[in-house]
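Everything on this sheet refers to the single structure shown next.
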Amino acid sequence: MALCVPACSPAVRLCQKLNRLKTLEDDVMATSLKRCLSTLDLALLGVGGMVGSGLYVLTGTVAKDTAGPAVVLSFLIAGIASLMAALCYAEFGARVPKTGSAYMFTYVSVGEIWAFLIGWNVILEYMIGGAAVARAWSGYLDSIFNHRIQNFTESHVMRWDVPFLAHYPDLLAAGILVVASIFISFGVRVSSWLNHIFSAVSMVVITFILVFGFMLADPANWSAREGGFAPYGLSGVMAGTATCFYAFVGFDVIAASSEEARDPQKAIPIATAISLALAATAYILVSTVLTLMVPWHTLDPNSALSDAFFRRGYSWAGFIVAVGSICAMNTVLLSNLFSLPRIVYAMSEDGLFFPIFSRVNPVTKVPVIAILVFGSLMAFLALIFDLEALVQFLSIGTLLAYTFVAASIIVLRFQPEKTASASGGGGTKTDASSMASPNQPVVPSDPGMTRSETQTLAQDAGELKEYESFSDKLQLVEREKAVRERRAPGMLKACWEPYLGRLLGDCEPGDVVTFSVTALMVSAVSLCAVVVFGNSHLHLPMWSFILLVVVFSLAFLISLVLIWAHEQQNKTKTFQVPLVPFVPGASILLNVFLMLKLSLLTWLRFTIWLAAGLLVYFGYGIWHSKEGLRELQGNDVSARYVVLPSGSLVETVQNVQPEGHTHTHASQTTHTSATNDPQANR
């Protein structure tokens, strides 16, 4: 067995590198960016990210092809489902007010490799999302002028027929992205005011649609003569929910802006709640008006609202709707261009991406290079790729980010309290015992034990024992549990001790929760795979289908119960998701289900992009990670604690030699802690 340890040590070290966590500074509010965004600014950013072209296109498409007038229920259920993911983002944004959104949250609680992959996929999502919105913006404006822009480009510039590419270069879409990138590089205040203007116009147009639309409403359009309220039944409502869920993608821009918020602990949760409520209300009311104005089966999916007013004899209203649609798409465009450079900046700041993108302009206080480079890449995508080819790739990275953020909330909530809040914002400090001076008595960091109790534990040791750290010594002393006044986070609750104590009582705090979260993810993927593919692709017999659904459902529920049976961290001053782990667990299940509903081609493209990300990480990120450099700096000295038979504590410190070198030149110093035993101080 001993011979196996050296052979396995490189693999163990690699796993430790891949799963190392980000260490937050004591003052998490310190930043090179400018903290100037208010709650209103953040709320309007969130509304702008969610209420875009989907309000003018998605409502008509889902109503006609999927759910009928019951699209109202689809948007309501989708809004509630999105709320579960939004709550997780709100808690993290308040506790960790750093830019980077899902990337940062995963890095703090899950591990480095997972954080990089989340950030890498979110970068692609924002690039494709922005390019797709720019193409839609260009197409909508072109349709107003009877496609004269397209005809001129094809006749006088160029035209090609290549698969997955547009038939002509969309210069208008690329141009609007370049112009928007330049404006955003002027600073966060300029971006915020632009978003205010477009959001205000969009909300005025939405108000006009609602007021004028309800005046033209005809309840007979929901009657049985027109097919009824839910012509496609419950299955149509749920299918519409899966599509409408993507309309609420965009609230993560609020969390991505937390490093530029004045008071992120309060502003992030409030802005998230306000923006999601406004967006859900807008989608529900507009879909209600639309299906009451004209029969749902006669809607034009491409321009449902404009066509509805035209058919009721108010063609002039179509121009107002067009203005609102363009302004709404502008807000989504700004949201993508605002969030993308900040995620790139966060990854560069941590050493996982090229350092040039972490440079902040001293005047505008924004990462100008990241904005211009990735804005140009987004413009290039919009220039040559077809809108349909771009949209097919959307959503998978966002859903994956939602899943990891929900899992991170569970891990963080049940994590042993190894850090302490520094400034009300979740800052970290090194454990007290590890920072003790060699010349001073070493005091344990466990808040449930006093200094005299610790000395008693040390004096009760009757033989010479050696431990790698002082915390290891405390965990192995039998009397520690007896003097513990309260249970630490990650430990089994007292009420569950009689039932699960023998099975789980000896586990380290947090270990059972970590294992249960892994089991939760595996069972969620298995359950959703059986539900999605069981009858269509796998052709399972009914008995085996039901058996697998029951087994994986029980595994999912048991994992949730095991997590819930452990102590959580005490309530903090910042916002916390209610009903943990059940709300994040439900969010994980929904996100996995929606991911498995995506096409095989989408998964293939996602795998290729993931492989490219792994090449970047193992070729650059893992070697330049600041957490890795911090570990190397911290490993210059190694400390060992020895308990003498008398009960006194001895700390030995020796220099660490590089691998392959002997320790013959290692110097050792020994310090004895003060105890009440006179023999120990002799």
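Each Cβ is built from the backbone N, Cα and C atoms, and glycine gets one as well.
Record features, source TrEMBL:
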| type | residues | note |
| --- | --- | --- |
| COMPBIAS | 665-675 | compositional bias 'Low complexity' |
| DOMAIN | 575-625 | domain 'Cationic amino acid transporter C-terminal' |
| REGION | 419-453 | region 'Disordered' |
| REGION | 659-682 | region 'Disordered' |
| TRANSMEM | 39-58 | transmembrane segment |
| TRANSMEM | 70-90 | transmembrane segment |
| TRANSMEM | 102-123 | transmembrane segment |
| TRANSMEM | 171-190 | transmembrane segment |
| TRANSMEM | 197-217 | transmembrane segment |
| TRANSMEM | 229-255 | transmembrane segment |
| TRANSMEM | 267-294 | transmembrane segment |
| TRANSMEM | 314-338 | transmembrane segment |
| TRANSMEM | 366-385 | transmembrane segment |
| TRANSMEM | 391-412 | transmembrane segment |
| TRANSMEM | 540-565 | transmembrane segment |
| TRANSMEM | 602-623 | transmembrane segment |
Taking a Cβ cut-off under 8 Å, which residues six or more beyond the ends of the transmembrane segment (366-385) line up next to it in the same chain? 33-34, 123, 126-128, 130-132, 134-135, 138, 164-166, 169-171, 173-175, 177-178, 180-182, 184-185, 187-188, 336-337, 340-342, 344-345, 348, 356-360
If I count Cβ-Cβ pairs under 8 A between the transmembrane segment (197-217) and each of 171-190, 267-294, 391-412, 540-565, which range comes out on top? 267-294
Taking pairs 6 or more apart in sequence, does the count of Cβ pairs under 8 Å between the transmembrane segment (102-123) and the transmembrane segment (602-623) hit 3 or more? yes
Contact check, the transmembrane segment (229-255) vs the transmembrane segment (171-190), 3+ Cβ pairs under 8 Å, seq sep 6+: no
Tertiary contacts of the transmembrane segment (391-412), as residues 6+ beyond its ends and Cβ separation under 8 Å: 84-85, 88-89, 91-92, 95, 101-102, 105-106, 108-110, 114, 118, 121-122, 124-125, 128-129, 132, 246, 249, 252, 513-514, 517, 520-521, 563, 569, 577, 580-581, 584-585, 587-588, 591-592, 594-595, 598-599, 601-603, 605-606
Any chance the transmembrane segment (314-338) and the transmembrane segment (70-90) have 3 or more Cβ pairs under 8 A, given the pairs are 6 or more apart in sequence? no
For the domain 'Cationic amino acid transporter C-terminal' (575-625), give the DSSP counts of helix residues, strand residues and coil residues. 40 helix, 0 strand, 11 coil
